[in-house]
């Protein structure tokens with residue numbers, strides 16, 4: 001591990017004296033070799049389009065990245081983090097420039113503020129930091145990439161907590177401060193409970209407005225600002241204590257707005273998120289949370305009364321039924337996903353600095369919780385980078401390397417506070433005084449699956465808890481070592497006793513944690529040692545940081561690290577999209593799936609079969625050879641085997657005891673969930689010691705896409721009404737005419753020579769490029785004969801019928817088995833006997849253009865299928881048979897797909913939607929499940945976003961609604 005310059009002698013140092021500096025140990029780098037020289041670099045073109053209209057919304061060609069970086073990561077880092085105007089000499093064109101801009105700034109600040117024992121240690125620090133960023137081992141939060149090393153203010157914090165008092169001056173300052181934070185690329189939250197309620201009087205004698213009314217102004221301000229100027233939307237949180245007299249109005253704010261959205265949508269307005277008309281609705285730019293205390297929750301449990309208190313006097317001015325109020329919270333969350341819930345007593349029980357004030361608020365995603373007017377800078381580790389896998393099922397977690405990287409990152413994060421700029425003087429003073437950090441991780445869901453652990457299992461929770469305990473224990477250990485070198489945080493002296501108490505709570509929780517298997521046991525052992533060091537070094541040196549860890553959504557930075565999963569989320573699905581370097585994309589089965597199967601003891605042949613099944617079906621149900629007890633390992637956030645709501649809550653509870661702050665997490669519920677289900681989640685999370693959470697019931701928001709089932713139902717209702725109206729109004733003037741679909745000038749075709757009963761001929765079958773058979777030409781050997789003439793006429797009639805929509809299977813069923821001469825033997829191995837030329841022609845067309853199920857029902861099989869029937873008793877092809885012909889050319893429209901076309905004399909046009917194409921993994925899941933994920937479209941590129949903690953992240957371009 002990293003040591004101080006005084007080495008072993010530091011134990012004899014007089015208390016209060018400082019060590020000379022940190023000795024930085026190499027983790028990954030080689031002396032005399034720069035990390036950039038150890039990788040292969042490649043030039044890439046980044047062209048990002050808006051899927052809605054095809055327009056190019058970002059383009060930069062010839063950027064330089066390591067060749068192992070994914071296309072998606074290159075696109076996101078280039079478009080989000082490269083600085084300078086595109087096309088100017090100031091624009092960054094290489095990842096080297098970006099990383100150098102950051103690590104050199106950190107090194108210089110570390111030297112200026114006396115962190116390192118020598119220039120050699122400073123150089124090792126720079127190289128190790130560069131290596132870790134280059135190899136996507138960790139990432140700072142987005143503001144670091146946006147701002148550090150640029151001429152603009154060096155804002156490094158992603159998370160801010162503001163404060164507002166019961167005065168107009170303070171309220172207007174709140175609006176201004178939020179705007180400045182959004183401008184710097186970050187998010188902010190605050191508690192409004194100090195503002196007097198609408199049930200209390202002003203000094204002038206009138207009634208107060210109440211906090212809900214002032215939320216309107218802040219919401220409107222946030223809606224006009226893009227975070228970071230151009231790359232992110234504003235993210236904000238508003239909180240109200242459960243004992244505030246206006247709590248019911250607060251709970252119902254978004255429910256009432258959702259009702260407005262429904263009415264406006266039904267009236268024809270564009271109410272999708274990002275739509276032109278959604279901005280007319282209030283309270284859409286913030287997450288709302290109710291701060292509940294143990295007194296309230298116990299009253300809910302016991303069915304008692306609960307008092308709402310005056311903001312001015314603290315007296316109870318109204319009593320309410322606690323269970324009814326709790327029910328209203330659950331009903332509102334069920335209806336529109338707000339409000340979330342925060343557990344005040346749990347939060348403050350783990351507070352390291354209670355002598356300096358209570359924890360009242362949180363950042364927008366609810367993972368940072370500390371004093372008012374403070375900030376936290378985040379960094380997240382890519383957990384999959386620490387999984388050692390020999391490819392044969394033997395795995396281990398690299399405990400020592402993980403701890404060393406944590407020490408490196410904590411050191412860098414603390415250095416950044418020294419040179420950072422802050423949006424307000426109060427936030428700057430408080431952050432420098434308490435130096436809150438938020439180290440966390442991403443890819444937990446991928447790690448659990450890769451190691452054969454179900455997300456909702458004792459083994460999965462044990463592994464997640466062990467890693468979290470080691471991370472936070474190592475972070476506080478490094479914080480104590482930093483305190484020995486550059487001193488503890490300014491507020492430590494006043495809060496030394498409660499800080500030590502919280503460290504003891506973390507250590508005690510580690511001591512009673514359950515060890516499950518060979519993966520988590522050595523991690524727990526290392527964590528135990530780390531916490532022992534924390535208690536010893538902290539008592540001697542104090543701590544450099546009031547907080548050390550959070551679990552953030554890791555939206556943009558998770559994609560920049562090519563993570564499969566964000567924060568502590570499980571995997572979205574087993575099949576995802578991978579962008580290709582040359583353009584385009586392909587569907588792939590998660591690489592964690594074969595890793596998990598090897599860990600579970602499956603052989604390579606079995607793994608190939610299971611992966612092939614997943615590729616085809618999107619899930620593991622009925623996968624060949626997969627044991628039923630292993631199904632749970634592959635459970636995901638969406639799909640037929642999705643993780644239950646309480647499975648998410650149990651994972652949060654397994655991690656929370658070793659996190660300084662909280663966890664950004666939304667518990668997803670199915671559309672069929674009840675209000676009682678929401679109540680259960682909120683109540684059990686309190687019992688389990690979770691600090692905060694939010695729920696999201698699929699399709700609860702009108703401003704987001706409905707499920708396919710709902711859309712079809714509504715469309716059917718509208719269509720039925722419309723058709724009835726049309727029939728009544730234009731019945732006498734409607735003419736029913738078929739519509740001909742002509743083939744293009746160039747069309748694919750198959751020419752087949754044949755002999756039937758000695759008569760020779762040729763058949764050319766041409767098809768639409770994407771929609772099956774469109775015409776047939778028949779030529780018999782003797783030109784001018786009656787037979788040849790009849791075949792010409794017959795082929796024209798059939799071709800015209802196909803183009804007017806007559807299904808091919810209708811022709812096949814009518815003309816096969818028709819008897820006339822010539823008949824007899826053929827030279828076609830698939831059709832050995834034909835009762836006529838027409839019989840042969842349509843049997844051949846069926847084999848070439850109809851799917852197996854359709855022609856099998858007509859009794860038409862190939863020679864290979866007949867042989868299979870003799871051997872196995874079944875005509876059906878096995879899973880590994882390549883169905884080239886059927887995949888290439890499907891038949892003309894089948895009978896069940898054929899619909900009457902009414903063409904009124906008045907011009908009536910029906911839009912025919914193009915086949916849906918998926919552009920992201922979220923959209924791919926929708927296509928596989930036949931439902932739509934309830935998530936907004938990205939405001940930058942138009943693709944479907946996906947959940948990341950309590951925020952949304954766009955897999956296509958990296959835009960996020962959160963703050964990481």
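Cβ atoms are placed via backbone N, Cα and C, with glycine included.
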> What does Swiss-Prot list, out of 110, 187, 511, 591, as binding the same substrate as 142, 158, 159, 363, 364, 365, 366, 367, 553, 554, 555, 556, 557?
Replying inline: 187
>> For each of 554, 556, count the other CB atoms within 10 A of its CB; which of these binding-site residues has the top count?
In response: 554
> For residue 159 (substrate binding site), what is the tally of other C-beta atoms lying within 10 angstroms of its C-beta?
Replying inline: 36
> Pick from 142, 363: which of these binding-site residues has the biggest number of other Cβ atoms within 10 Å of its Cβ?
Replying inline: 363
> According to DSSP, does residue 556 (substrate binding site) fall in a helix, a strand, or coil?
Replying inline: helix
> Can you tell which of 365, 367 has the most other C-beta atoms within 10 Å, given these are the binding-site residues?
Replying inline: 365
